[in-house]
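Enquirer: Below are the features listed in Swiss-Prot for this protein:
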BINDING   Glu69, Ile86, Asp87, Gly88, Thr89, Arg190, Asp218  substrate binding site
BINDING   Glu69, Asp84, Ile86  Mg(2+) 1 binding site
BINDING   Asp84, Asp87, Asp218  Mg(2+) 2 binding site
Amino acid sequence: MPDYLDDLRLAHVLADAADAATMDRFKALDLKVETKPDMTPVSEADKAAEELIRGHLSRARPRDSVHGEEFGVAGTGPRRWVIDPIDGTKNYVRGVPVWATLIALMEAKEGGYQPVVGLVSAPALGRRWWAVEDHGAFTGRSLTSAHRLHVSQVSTLSDASFAYSSLSGWEEQGRLDGFLDLTREVWRTRAYGDFWPYMMVAEGSVDLCAEPELSLWDMAANAIIVTEAGGTFTGLDGRPGPHSGNAAASNGRLHDELLGYLNQRY
């Protein structure tokens with residue numbers, strides 16, 4: 001079995017560098033922001049953080065390929081680093097501290113690339129989460145100061161906390177009725193958004209979360225952290241992993257019900 005612990009240590013080094021770069025420009029009055037063709041914002045900090053990570057990887061892992069949100073895919077091979085330099089750019093540019101750098105290492109396996117290392121670093125919140133395949137999921141500020149994550153044991157929707165990002169995507173995909181039905185069945189709903197609800201599923205403070213449209217870089221790190229914490233991460237089609245263009249994550253006990261509601265009348 002491959003040992004990915006050296007890759008995890010590298011992911012922490014990458015995150016440390018990205019944290020310094022992104023925090024340096026967070027709330028800067030002269031922050032430059034552009035609009036991408038898909039009408040989403042990108043800041044100078046997004047680009048700088050991804051370039052920084054790519055530079056480190058080119059020196060530390062020259063044979064690995066890289067797939068980043070801002071600069072696409074570079075290289076080929078069985079190992080691929082997937083990077084979202086700032087997940088939550090809209091929050092970042094408005095001074096909201098809920099944003100993070102997402103770093104995943106994916107390896108070619110049967111059925112395609114699968115995440116084997118994942119790290120989420122949210123420096124404005126002072127939080128970091130990570131996981132390695134078959135080694136569990138953890139949170140802390142460093143490898144030497146961490147505690148293990150476990151999903152909740154909640155087994156009924158009436159006791160469950162459900163998190164999401166926004167309503168518009170569910171309506172655009174014709175899934176709003178099922179989504180609203182689900183919100184009526186659960187104990188609590190909150191629109192935490194972006195990476196955060198997945199980390200809370202892994203921590204056991206949220207039981208369910210879902211988003212109707214995502215890219216690989218939005219999901220790769222989140223997926224392995226949730227699953228290594230004992231949870232379930234699939235697309236809305238039930239396919240395991242971050243490959244469906246959308247996501248559903250849970251403590252596992254409620255996953256079938258989550259998918260059932262979000263797929264009804266669709």
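One-based numbering along the chain as shown.
Backbone N, Cα and C define each Cβ position, glycine as well.
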Enquirer: Give the helix, strand or coil assignment DSSP yields for Thr89 (substrate binding site).
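Expert: DSSP assigns Thr89 (substrate binding site) to helix.
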Enquirer: DSSP on Asp218 (substrate binding site), three-state: which is it?
Expert: helix
Enquirer: Ten-angstrom check, please: count other Cβ atoms within 10 Å of the Cβ of Asp84 (Mg(2+) 1 binding site), all chains counted.
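Expert: Excluding its own Cβ, Asp84 (Mg(2+) 1 binding site) sees 31 Cβ atoms within 10 Å.
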Enquirer: What is the separation, in Å, between the Cα atoms of Asp218 (substrate binding site) and Asp84 (Mg(2+) 1 binding site)?
Expert: 7
Enquirer: When you measure from the Cβ of Asp87 (substrate binding site), how many other Cβ atoms are you left with inside 10 Å?
Expert: 25
Enquirer: Just how many other Cβ atoms lie inside 10 Å of the Cβ on Glu69 (substrate binding site)?
Expert: 23
Enquirer: Name, in the order they occur in the sequence, the residues of the same chain whose CB lies under 8 A from the CB of Ile86 (substrate binding site) and which sit 6 or more residues away.
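Expert: Ile86 (substrate binding site) has long-range Cβ partners Thr22, Ser43, Ala45, Asp46, Ala49, Tyr92, Trp99, Ala100, Thr101.
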Enquirer: Taking the centroid of the Cβ atoms of Glu69, Asp84, Ile86 (Mg(2+) 1 site), which other same-chain residues have Cβ within 8 Å of it?
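Expert: For the Mg(2+) 1 site, the extra neighbours are Asp46, Ala49, Glu50, Gly68, Glu70, Ile83, Pro85, Asp87, Thr89, Thr101, Leu102, Trp217, Asp218.
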Enquirer: Report the residues of the chain - excluding Asp84, Asp87, Asp218 - with C-beta within 8 Å of the mean position of the site's C-beta atoms, for the recorded Mg(2+) 2 site, in sequence order.
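Expert: Near the Mg(2+) 2 site, the remaining chain residues are Glu69, Ile86, Gly88, Ala100, Leu102, Asp194, Phe195, Leu214, Ser215, Trp217, Met219, Ala221.
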